[in-house]
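Visitor: Here it is, the structure, as structure tokens.
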Amino acid sequence: MSTAELSAPPPQDCPGTSSEAAGKMDACAGCPNQRICASSPPQPAVDPDAAAIAERMLPVRHRVLVLSGKGGVGKSTVSSQLAWMLSRGGFDADPNAGDDAAGGDDDMDLDPDPEADAWDVGLVDIDITGPSAPRLLGAGAERLQRTASGLSPVFVSDTLFAVSVGFMLERSDDAVIWRGPKKNGLIKQFLRDVDYQPTDVLLVDTPPGTSDEHISIVQLLKQANEITAQHPEAAATHAGSKFGAVIVTTPQEVALADVRRELNFCRRVGLPVLGIIENMAGFVCPGCSINTDIFPATTGGARSLAQDFDVPFLGSIPIDPRVAKACDEGRPIADACPTSPATIAMRRIANKLKEVLES
């Protein structure tokens, strides 16, 4: 549906005339176009930049959005540490052994080859107003550079690069005060203009909720995938590639309620859910190793939620103050606390995610 067919200009909070939620959200109440939008089937227009995005995405095998229904569940921490883990490899572990929050390092051995199983990983931070990837990766002083082939991402290591609005700010504490259209424009620029190198998995750290940024990134990547699938030569290079979401939550019901909305959002927009990660699943005392539930899972936690929605449960990560310290310092927890239950749990989750992507 084009805006020319509407009886009045769409309001500022409009979910989009091509959205499945058009005419059905609270923001639509009182809008002159509500009946028109609600009665018309959604017809997402193909973005004019979709072909350019498809070409940029050709070197990328898997695209994974990291989502959360609410803020404060540690989504950015999980995103950055997953990126570190997947990009470094070097562990030989049974991903199905001892997957409780407390973990245990009896089945987690360092591989003789520290680069074994390492993937080429990219982390794109589209949390425009709260970019944390530069600090979490220890690259706060770096900046995106423009070259003849496009924007060059910031390489944190030989196998890990990052893209974030934080790399474009003059000062790290500068506030980004943008409305939806400008934020969506920057997301499109990250997909269309960045010179992506051959990459095994591109992790996209998103803001909380189901807002403009989420709709934009899903539509742009889905349309790019459809364009790729129409070209036999390009489709052959992407055989077996996956596009989906990983959901991060904490165990308590107030967080799970928001995650249910996130899961329903994924269903509505046709975004496959690759798995759920439960963060802050108890506190393991570094001295006595006793596990204490800080956020009680009164309704069964993320494991039960995954069963209800028939999606994979990737694992639980306990609280460890050393993880927070490592993130503040921009270090991988595998270096800061290699035998921590949180590190072991994160390693198992990385292995399970690799299995899901390669299945």
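These residue numbers are counts, starting from 1, taken along the chain as shown.
Cβ atoms here come from the backbone N, Cα and C positions, even for glycine.
Annotations in TrEMBL come from automatic prediction, not curation.
Pulled from TrEMBL, these are the listed features:
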BINDING   Cys14, Cys28, Cys31, Cys37  [4Fe-4S] cluster 1 binding site
BINDING   Gly69, Lys70, Gly71, Gly72, Val73, Gly74, Lys75, Ser76  ATP binding site
BINDING   Cys285, Cys288  [4Fe-4S] cluster 2 binding site
DOMAIN    61-275  domain 'AAA+ ATPase'
REGION    1-25  region 'Disordered'
Visitor: Where the distance is taken from Cα to Cα, which of the binding-site residues Cys28, Cys31, Cys285, Cys288 turns out closest to Gly72 (ATP binding site)?
Guide: Cys285
Visitor: Which one of the binding-site residues (Cys28, Cys31, Val73, Cys285, Cys288) has its C-beta surrounded by the most other C-beta atoms within 10 angstroms?
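Guide: Sorting the candidates by Cβ neighbours within 10 Å, the top entry is Val73.
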Visitor: Taking the Cβ of Lys70 (ATP binding site) as the centre, count every other Cβ atom within 10 Å, in any protein chain shown.
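Guide: Neighbour count, Cβ to Cβ under the 10 Å cut-off: 19.
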Visitor: Summarise the model confidence on the domain 'AAA+ ATPase' (61-275) as a single mean pLDDT, whole number.
Guide: 86
Visitor: Which chain-mates of Lys75 (ATP binding site) that are at least 6 residues away have a CB under 8 A from its CB, listed by sequence?
Guide: Val66, Leu67, Ser68, Asp205, Thr206, Pro208, Val248, Asn279
Visitor: Which has the fewest other CB atoms in a 10 Å radius around its CB: Gly69, Gly72, Gly74, the listed binding-site residues?
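Guide: The binding-site residues Gly69, Gly72, Gly74 were compared, and Gly72 has the fewest Cβ atoms within 10 Å.
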Visitor: Which chain-mates of Ser76 (ATP binding site) that are at least 6 residues away have a CB under 8 A from its CB, listed by sequence?
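Guide: The answer is Asp125, Asp127, Ser132, Ala133, Leu136, Asp205.
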Visitor: Could you state the CA-to-CA distance between Cys28 ([4Fe-4S] cluster 1 binding site) and Cys285 ([4Fe-4S] cluster 2 binding site) to the nearest Å?
Guide: 49
